[in-house]
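Asker: Structure below; questions to follow.
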Amino acid sequence: MSTTEAETQVVTAPKKVKKMKPARKQVKPGDVEKKEAPQTGKEYNIWYNKWAGGDREDSYSNKTKSQTRCNIKRDAGLTRANTTGVKYCCLFFARGCCPYGWECEYLHMLPDASTALPDTSKDCFARDKFSDYRDDMGGVGSFQRQNRTLYIGRIKETGTGPETEEVVRRHFKEWGEIEKIRVLQYRSVAFVTYVSEFSAQFAKEAMACQSLDNDEILNVRWATEDPNPTSKVAEKRRLEDMGREAIQARIDPRIVDAVRSIRALEEGVELEPEEEMPEEEDRGAKRPRLMEESHRTGILSADAMEGLKYFAEIRRKTGLGSAAPPPPRAVAAPPPSGGLGLGDYASDEED
């Protein structure tokens with residue numbers, strides 16, 4: 001066998017598809033010690049899941065470091081949700097303390113930004129969102145605004161701003177693609193903006209009460225709306241582009257052509273001719289295309305589309321679309337009547 005044949009065989013060898021392994025059981029039952037939160041107030045608020053009426057700083061100072069942490073490379077894998085079709089992720093997997101592993105009913109992997117969730121009023125963990133954010137910007141979040149930015153507080157800064165940004169990026173890039181990071185130097189605060197909202201939801205739970213490099217306890221919250229006008233314009237443009245792409249993906253292109261033809265007829269504008277396919281390609285592609293269009297469902301049928309195009313072509317050739325409308329006929333004024341009009345009566349105020 002020659003060297004050329006050997007090289008050809010090596011190049012053409014199919015790549016092995018790496019299959020995902022079953023999800024690992026992160027902890028065993030009883031490994032995690034559950035500690036009750038100390039009473040910092042007089043009344044317990046079941047909606048906020050905390051004590052009310054106490055000092056606000058007490059809840060921050062009494063935070064303890066999380067006992068577990070998720071490791072995507074080691075813990076991610078297949079579960080029962082991959083077979084049943086469940087789209088939501090496991091909340092305890094994100095926190096690193098799911099004892100079920102491959103037996104879990106939820107996904108043990110990062111949320112996919114391209115996957116549409118069944119209910120937009122829920123987050124990636126199937127928790128219901130609320131109309132407004134909590135006062136402390138914690139919790140699940142709101143369904144009225146797409147928030148992709150996290151507030152990271154209580155960071156121990158040991159270097160310059162770029163060094164702190166590199167540390168934050170190294171710890172938070174594990175949960176999804178990061179769009180930008182802003183560090184407020186000497187304030188122990190950073191803002192992390194993800195490309196996908198699902199990544200921000202996952203990172204918020206995965207990094208809650210975790211530490212970076214200096215054994216601190218992070219305070220991870222939802223960020224408020226950026227007051228920068230440039231950021232507001234960019235976010236508005238991004239949402240408009242997303243809406244436009246979603247609408248265009250659902251519109252039948254035949255309806256678009258019909259609307260363009262009707263608008264051209266009304267305005268008397270000649271449509272630009274579309275690029276014609278070569279005859280040999282057109283003969284082979286015309287019939288399958290017609291067969292495919294006949295199975296589609298829409299407001300107008302394929303025959304109606306062809307009829308509209310046919311009449312548009314006739315209207316364009318005959319020039320009726322650009323013809324000026326006939327001038328209005330002059331109407332003769334009626335002769336004055338012999339009786340008294342309203343102007344012949346005097347006003348009562350003149351007496």
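Backbone N, Cα and C atoms are what each Cβ position is placed from, and that goes for glycine too.
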Asker: Between the candidate ranges 1-38, 153-190, where does TrEMBL place the region 'Disordered' annotation?
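Answerer: It is 1-38 that TrEMBL annotates as region 'Disordered'.
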Asker: Summarise the compositional bias 'Basic and acidic residues' (28-37) as counts of helix, strand and coil residues per DSSP.
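Answerer: For that range the per-state counts are 0 helix, 0 strand, 10 coil.
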